[in-house]
Amino acid sequence: MEQSANARQSTLRSRTQELNTLSVLSKDVSLEDAKKYWKDRQADGKVDWIFEKVLNKLKILWQKIKDGSATNLEYVRAVILVNEAGNLEEDLEEDLKEDTDTIHIDIHKENEVQENTDCSPERKEDTCLNLNTDCGTDVSGSEPECNSTVSPPAAERVYFGNHSCGPSCLSGINSFLFTKGNPLQLPISCDFQRCHLKINSPDDLSHILYKAPCGRSLRDYDEVHSYLTETGCHFLAVDNFSFNNHVRLDSNSSFNQGIVQDCDISNDVESVPVAFSNEIDNTRPSNFIYRKTSWPPGYSLNNFTDIFVKCCNCTDGCLDILTCSCLQLTAQAFTKCMESSLGIGPLGYKHKRLQEPIPTGLYECNVSCKCDRMLCQNRVVQHGLKLRLQVFKTNTKGWGVRCLDDVDKGTFVCIYAGRILIRTADCTVKSTPDDSVACGNEDHEDSTSTCALILSKRKRKTSHSDSEVTVMHTNPYSMRSHGLSVHRLSNTFSPRQARSGEREFSLQPLRRPKTKTSMLQKRRRQLIEEGACTVQNSSEEEGPTPPQSPEQKSSAGTKIQRNENSDETASGYVSEESSSSVISGGHPLEKPISKFKSKLNKTTVYLSTSPEQTCEENLHFLDASKEGNVGRFLNHSCCPNLFVQQVFVDTHQKCFPWVAFFTNSVVKAGTELTWDYSYDIGTAADQEIQCLCGQKTCKNKVV
C-alpha cells in the first residue's frame, strides 16, 4: 500500500513539474523588459484593453471546458493557466488520474529550431500561439521567430503532426459568438493566428501569415480557400482574411461621447448594428423606414418572368470562368459593349473583393445556382452588410458615414436601398400589357432621366449630405474611357431635357397578368364609350380622369385627379362600377400627358438598364427619401474612397440591378466613407452649391 501511494505521488509530482515547465516564460524576456512593456502599455492606456481581451479568451475557454467542446490544445492551455494562477495540486489530482497519453507536447527553447510539419509537405516554421490577435515576427534566414507586438511573447510552443485537414480541424468552435464585430476579427476569435513576418528587405515590408487551429500555415487567399473547402467551414469566408499589412485588426478609433447616439438605427434589420452618434448637437436624422434591400424586388416588377438568364452548378467555389455560367455572363456583357477587350484581365470578384468597377454590371450567382452559398466566390453583395458602420454628424456636410474598423481595398461596404419607382419618357402614353409598374410611388413629382446612375438629394442651405442637397450623378464610369461607342449614347435623354419640360412623363401602373389585363382593358374601353370615363386636359395635368373627381395631392405632393374609391394609374381611371380599380391601358391616348416639371428635391438613385437605353424606354430609379438604408447617408467627395457598382442579384433584368459600394483603397478606422456623384459642372447651374469635400482636386461645385 505504501509503495502504491509513493508511486502515485511520484507520478503526480512528475506531471506537475511538466506543467510547470510549460508555463515558464522565455529566457529572452528579462524583468526589465517586462516592466518596460507594462509601463508603455500603462502610458498608452491599453492595460485594461489587454486584460479585457485575455478575459474574453478565458470566458470562451471556460465555456468550452464546461460543454466538452475544447480541443486537446485548449485543454492544455486551460491546465497551464490554472497551474500558473496557483498550482493547486489538490484540484489537479483528479484530472491527472485520467488518461492523457493522447496529448503530445514538445517543449523547446526559443533558440532551438524544431521542424514543424503541417498539411503542406516539407514546411519548416515555428508556430505562433498567443492570446493576442496580431503577432509581429522577425525573419532572419529561413526560420521565422515570433515576437508579440500587442502582449508579452508566447509562454509555450506547441507543434503539430502531419495530418490531412478535414472538418475535425475546426470542430468545437462556436462561431455564433462573434457575428457582430469586425469581420476580420472572426478568424482570430476562431483560434486562427495572424502573424506579421518582417523580412530583411529593402522595402522593409512585413508579410502576413495565418495559422489555422490545427497548425496549418495559410500564406495567401488561395490557400485560405482550399483550407475552408477541405474543412467544410461555413462560418468563415475568404473575405474574413486580409493579407494586406496596412490593415490592422486592432485599429479602433476613439470618438467623443455623442450628445445623441443610438447603438443600431436599423433596429436589427441588418445582421451588423448600424450605430449613430451626434457629437455636435442633439439633432437626429429625419424619420425613415429602414430597408435592408430595395422594395419592391425587381423580379416582382417584371411579373416573375425571365428572372435569371443562366445558373451554374459549380463545385469549386465558382473560380473557373470556363465552367461557371454566372462568371460568363459578366464577361460576355463587358465584351459585348466594349469596342476592344484586348488586355482586359479577369472580370468580377477576386477573393470576394472587387478591385475595379465593371461598367456593364456584375452578375452574382443566384438562388437557382447549385453552388455552395458560403464557399462560392461569386456571392458578395447578396450576403448583406458585414462592416461596422456609424452614421455621424459632420461639421459642415450634415450627416455622414464612417467605418469603425480598417477596411481592405475592394471590400463591399453596403448597397443603396430605397423604393423602386418607374417612369416613362414618351411624349405619349403607350400602355401595353407588357408595361412595368411602380407600386407605392412616394415621389411623383421628382424625376429626371439619364442613361446612367443619378443621385438626387434634397437641397438645403449649408450642406450636401442626405436629404440636404440636390445632387445629379451621371455615369460613375466614363463609358468613353472604357471604349464604349459614343453613338450608342447619342439618343439618350439628358437631365437638361428633363428640367426644360420638353419631355413628358407618366407613372406606369402595376402590371397584371395578361389575361386579367386584357379584361380590364376591354372594360375600360367600354366605360369610355359609355361615357363613364372621360379624358380631361388642363394646363397643369393632362390625363384621363373620372368625371367630377376632385383634385388631390399624393403623399409626395404631386397633383392628381382621382375618385375616392379608385386608384391612380398612368393611363386612366375607372368608375366606381368597375370591378377593378387598377387599369393597364392597351391603346395610346390621343392627348399627351402633362409636361413634367423636375425639381429634384428627393433622395433618388436612377438606374440604368443598358448603355443602349434611350428616352423612349422606362426609367427606373430608387427613392430613399422615406425608405432606405445606411447608404442614403453617404456624402460626396471629389476624391472618394468608394466606387459604385451595379450588381445583378435577385434578377438578371437590366432594369433592376443592386447599387453597391466598394472601397477603392485601404480605409483606416474612423475615416468617412464617400463616393463621387460625378456631377458635370454647368449641367444644372441653377441648382449648384459649393462642394465642401475639402480635397485638393475639389471641383468646388456640386448639385
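Cβ coordinates come from backbone N, Cα and C, glycine included.
According to Swiss-Prot:
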DOMAIN    178-248  domain 'MBD'
BINDING   C312, C326, C365, C369  Zn(2+) 2 binding site
BINDING   C312, C314, C318, C324  Zn(2+) 1 binding site
BINDING   C318, C365, C371, C376  Zn(2+) 3 binding site
DOMAIN    387-678  domain 'SET'
BINDING   K397, G398, W399, R632, N635, H636  S-adenosyl-L-methionine binding site
COMPBIAS  511-525  compositional bias 'Basic residues'
COMPBIAS  550-560  compositional bias 'Polar residues'
COMPBIAS  571-586  compositional bias 'Low complexity'
BINDING   C638, C691, C693, C698  Zn(2+) 4 binding site
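On the structure: features taken from Swiss-Prot.
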residue : record                               : DSSP class
C314    : Zn(2+) 1 binding site                : coil
C324    : Zn(2+) 1 binding site                : coil
C369    : Zn(2+) 2 binding site                : coil
G398    : S-adenosyl-L-methionine binding site : coil
R632    : S-adenosyl-L-methionine binding site : helix
C693    : Zn(2+) 4 binding site                : coil
C698    : Zn(2+) 4 binding site                : coil
Note: in the chain of C314 (Zn(2+) 1 binding site), residues six or more apart in sequence with C-beta under 8 angstroms of its C-beta are D320, T323, C324, C369, K370, C371, C376
Secondary structure of the domain 'MBD' (178-248) by DSSP, residue by residue, totals 22 helix, 15 strand, 34 coil
Rounded Cα distance, in Å, between H636 (S-adenosyl-L-methionine binding site) and C318 (Zn(2+) 1 binding site) is 35
Integer Å value for the Cα distance linking C326 (Zn(2+) 2 binding site) with R632 (S-adenosyl-L-methionine binding site) is 29
Note: in the chain of C693 (Zn(2+) 4 binding site), residues six or more apart in sequence with C-beta under 8 angstroms of its C-beta are K397, N635, H636, S637, C638, C639, T674
Top of the binding-site residues C312, C376, C638, C698 by count of other CB atoms within 10 A is C376
G398 (S-adenosyl-L-methionine binding site) sits from C698 (Zn(2+) 4 binding site) (Cα to Cα, rounded, in Å) at a distance of 18
Neighbouring CB atoms within 10 angstroms of the CB of R632 (S-adenosyl-L-methionine binding site), all protein chains considered, total 28
Of the binding-site residues C365, G398, W399, R632, C691, within 10 Å of C318 (Zn(2+) 1 binding site) (CA to CA), in sequence order, we find C365
